[in-house]
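Trainee: Handing you a structure now.
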Amino acid sequence: MVTRMATKVSLEGKRVVLVPYMAEHVPKYHQWMQDSALLEATGSEPLSLEQEYEMQLSWTQDPNKRTFIVLDKDFVKGDLAHGQPHVEAMTGDVNIYMNDVDDPKVAEVEIMIAEPRSRGKGLGKESVLIMMAYGVKNLEIHKFTAKIGESNTASLSLFRKLGFEESSYSGIFKEVTLEYPVTNLRREELLKLLDEVIRHTHSSNNPSDSLLSGEATA
């Protein structure tokens, strides 16, 4: 059986580039995950490097998940050809999960800006918006959710500024769930955002990855 990666496109915005999570990224990602503050903020458990490689492989092969590494364009060296990991510019990751058993068009969004040098520059906001636009255009997502620990005030502030509203709270997990229904107006705004996103790709057997505007083939 041939295994297909779920994501075969890189998305270039004004300040960030979203690239598929590659094996070359794993050592740096593993280094981030040694930070107890990041583990708490993301609700993650520490993994060994070997487990991190296994996780990377499972994420990239999961048809119900899209995972991108966030690159800070200020630190990218060389060309932005698709397939180049640009580890030197890694700053975080952004994901969407289609894990609602009752509605496959609902997606949970996660964002992490791990590098202190890249915080406070609006990279998290731009990454989330590009990911949401990607989800609406490619995957026909009609509602986004975000689950955020109550102590993660930065993420709560970001998602609320984007228009997410609280839908529930878990006292056991001390976690807030926020929702963002994709109304017609919001869909138009997200799709308009794609006009400014450059898509870097190579040939893919996944039709849903060929629907973005501004293509640059590499």
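Cβ coordinates are placed from backbone N, Cα and C, and glycine is handled just like the others.
Copying in the features that Swiss-Prot gives for the protein in this structure:
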DOMAIN    36-183  domain 'N-acetyltransferase'
BINDING   Met112, Ile113, Ala114, Gly120, Lys121, Gly122, Leu123, Gly124, Lys125, Asn152, Thr153, Ala154, Phe159  acetyl-CoA binding site
Trainee: Looking at the binding-site residues Met112, Ala114, Leu123, which sits with the largest number of other Cβ atoms within 10 Å of its Cβ?
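Mentor: The most densely surrounded of these binding-site residues is Leu123.
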Trainee: How many angstrom lie between the most widely spaced Cα atoms of the acetyl-CoA binders Met112, Ile113, Ala114, Gly120, Lys121, Gly122, Leu123, Gly124, Lys125, Asn152, Thr153, Ala154, Phe159?
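Mentor: Farthest-apart Cα atoms in Met112, Ile113, Ala114, Gly120, Lys121, Gly122, Leu123, Gly124, Lys125, Asn152, Thr153, Ala154, Phe159 are separated by 18 Å.
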Trainee: List every residue in the same chain as Lys121 (acetyl-CoA binding site), at least 6 positions away in sequence, whose Cβ is under 8 Å from its Cβ.
Mentor: Arg15, Asp72
Trainee: So how many of the residues in the domain 'N-acetyltransferase' (36-183) end up helix, strand or coil by DSSP?
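Mentor: Residue counts in helix, strand and coil order: 55 helix, 44 strand, 49 coil.
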Trainee: Give me the non-local Cβ neighbours of Lys125 (acetyl-CoA binding site): same chain, 6+ apart in sequence, Cβ-Cβ under 8 Å, ordered along the sequence.
Mentor: Leu158, Lys161, Leu162
Trainee: Near Phe159 (acetyl-CoA binding site), which residues of its own chain have a C-beta under 8 A away, given they sit six or more steps off in sequence?
Mentor: Val109, Val128, Ala146, Ile148, Leu178, Tyr180
Trainee: Considering every residue in the domain 'N-acetyltransferase' (36-183), what is the mean pLDDT value?
Mentor: 95
